[in-house]
Amino acid sequence: MNVIWRVSKYLFRYPGLFFGTLALAIAMTGLQIWIPNQIQSILEGVQDSAAISKLWMGIGTIALLYFGSEMANGLRVILNNTLEQKVLMDMRGEIHAKLLQLPVSFYDQRKSGEISSRVIEDVNNVERALLDGTEIGTRALVMLIGVTIVLFSKNAFLAWFVFLPVPILLVLGYFYAKHGRKYWKKVRVASGDLNSLLVEDIQGNRLIQTFGLQKRESARFYQRADTLRNRMLAAMYRWAVYNPGTNFLTNLGTVSVIGVGGYLILNDASDFGFPAMVAFLMLANMIYMPIGQLHQLNHLIVAGKASGERVFEVLDAKIDVEDPAHPKAFPEGLLEFDFRNVTFQYPERPPVLQDFNLTLAPGKVTALVGHTGAGKSTIANLAMRSYDTTKGVVTINGADIREFSLHDLHQQIGHVAQDPFLFEGTVRENLLLAKEDATADEIERALRGSSAWDFVQKMPDGVDTNIGEKGIRLSQGEKQRLTIARVLLKNPPMVILDEATASVDTITERQIQHALENLMSERTVLVIAHRLSTIRKADQIVVLENGGILEQGTHDELLLNNGRYANLWLHQVDVIQEYEDEEFTREKVADR
């Protein structure tokens, strides 16, 4: 019930549309209820040859009632659709806004297709249950009350036979509502899994073709589609039993009315004649029609509640990283990040960092080296406050990082990731994300500083060239240089380079390296290194292992130590051969 109540609040944002829709639904229903009485009057008058004028008047009245009913229905559809689209926009807008606020941990635990399924399909299901359910429920209730009054006023004895199936229908409805929801929730989960795979295959289409993975992916898609089909069938089997069963019971009610009514007419048991019987049967069908609608409503609510739970799971998701009530002003100039006795662990996993201490000196380059899972990206995430520490504290110029607003913090940090992300649009539009009011000269300087100016100038429309979704029209190296240009335009005092050259070849790496050197100049820099050639000039290199620091020093110092870093360097001997001015050759390092 909590889900239904929470969803219903969206309707009351538009009271005019909501109550207008209900009023028109009530008017339409009221006009329909009046039609059987007019038909009874016509049938009772046809035996009187002098009442031909009354016949035509009755027919005209019925035509007007039908016309008025359909006019009300047309206006109702317009108002209902307008309300529907407004509610859909509100719900999708709220869930999208919440998704943008949620921490990295939320996305770490979910697939993108599963999330998009909640925004599109689940919101649609909730809206359908909300609007259609409210309207159907109102019309059915008005119809039931109105027709019940008319039936009992015509023949109270016969009216009781109309309601004979109702107790059984109520029991069936209760059990379907109780047990049907879990099946529809399984359908929604399976649909999310299928959407997730579809998104993954679209994004990885080139890889799939390159490695000939079409059969493998088709098999995976079929497996998930088959799971969705089976779960949908399991849910529909319940509906297939419930719906015909309720229809059969209502038909039995109609049969009982015909039988008892026919008996009354044949035996002249009352003044209940054939015209009244026709009207009574029409009204009885009007009783069963809303009962059938209520069963449809029950079906909508069951499916809608399952989707509503998934929607509100997002809207209610805890924001682990929150702004302080009274944030401090962010310090100006170069920044010093200090990790003090930091312990961090992801949910239901062992600690990644334990009593970790490290200082990112202002204006200096700190490089992190270590195997996958050593904590390199975790340190970067803590510096950006994508997560909060489990224990210990991260400080900026001596102040707890949690004392600053997230907006101010992120404005001071530039991030270049291994997999560069560009929005669909032009080069200019992507760069202006860093600085909305950037001039043409500032854009040019950023592009020149990132070694991107030459290839951008060769594009058909220069900086106004559309680069496609995720920069699909660019090479990996070109995309990376544009992301560097974006950070240069932002001009933050702190830069995080997260394996920025790991996805490019050696030649492209050389092209990017000059851009990175421009980016790292006079800033506090944290580098997550994949290729050790990119960090030879770092002020300090930190080798991570088992949640702590194994080695720490400059490139030369660590080679002299002949430890883990020196061993890693030897495995990248091809890099050494690329630099003629390298002081330590492979032989000299091996001798130590």
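We number each residue from 1, going along the chain as drawn.
Backbone N, Cα and C define each Cβ position, glycine as well.
The domain 'ABC transmembrane type-1' annotation in TrEMBL covers 19-303. Annotation source TrEMBL lists domain 'ABC transporter' at 337-571. The transmembrane segment annotation in TrEMBL covers 12-35, 55-79, 136-152, 158-177, 248-266, 272-291.
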For the transmembrane segment (158-177), sequence-distant contacts whose Cβ falls under 8 Å of one of its Cβ atoms, 6 or more beyond its ends: 148, 151-152, 238-239, 242, 245-246, 249-250, 252-253, 256-257, 260-261, 264, 272, 280, 284, 287, 291, 294-295, 298-299, 301-302
Taken over the domain 'ABC transporter' (337-571), the model's mean pLDDT: 88
Tertiary contacts of the transmembrane segment (248-266), as residues 6+ beyond its ends and Cβ separation under 8 Å: 155, 158, 161-165, 168-169, 172, 272-274, 277, 280-281, 284-285, 288, 291-292
